Amino acid sequence: MSQYAPSPDFKRALDSSPEANTEDDKTEEDVPMPKNYLWLTIVSCFCPAYPINIVALVFSIMSLNSYNDGDYEGARRLGRNAKWVAIASIIIGLLIIGISCAVHFTRNA
């Protein structure tokens, strides 16, 4: 029976193996997810400025993918770009709607 008992050297080697060390699993600090403004870019897709709001949606998705890849600074930068492009798209869309309504109602008046 003594031949099946683990020796002290075996226990020491097992305790120092990387698979047995679970304390190092939490060495990465948890970085909070930066805002990617996905909801804003989806809302901007309803405005009639189609090439611009599609670019905002792409920036937002790229921000999410950058965060998942571990590029936190790139995710923050792309999220900020998505926000400003979506705001520009909404403003341009509202201008297009306003101008088309003004032209329509002044012609038929």
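Glycine is treated like the rest: Cβ placed from N, Cα and C.
Features of the protein shown, as given by Swiss-Prot:
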type	residues	note
COMPBIAS	21-30	compositional bias 'Acidic residues'
INTRAMEM	42-62	intramembrane segment
REGION	1-30	region 'Disordered'
TOPO_DOM	106-109	topological domain 'Extracellular'
- Which residues of the same chain, at least 6 past either end of the intramembrane segment (42-62), have a Cβ under 8 Å from a Cβ in it? 36, 78-79, 81-82, 85-90, 92-94, 96-97
- Note on the structure: Model confidence over the topological domain 'Extracellular' (106-109), as mean pLDDT, sits at 80
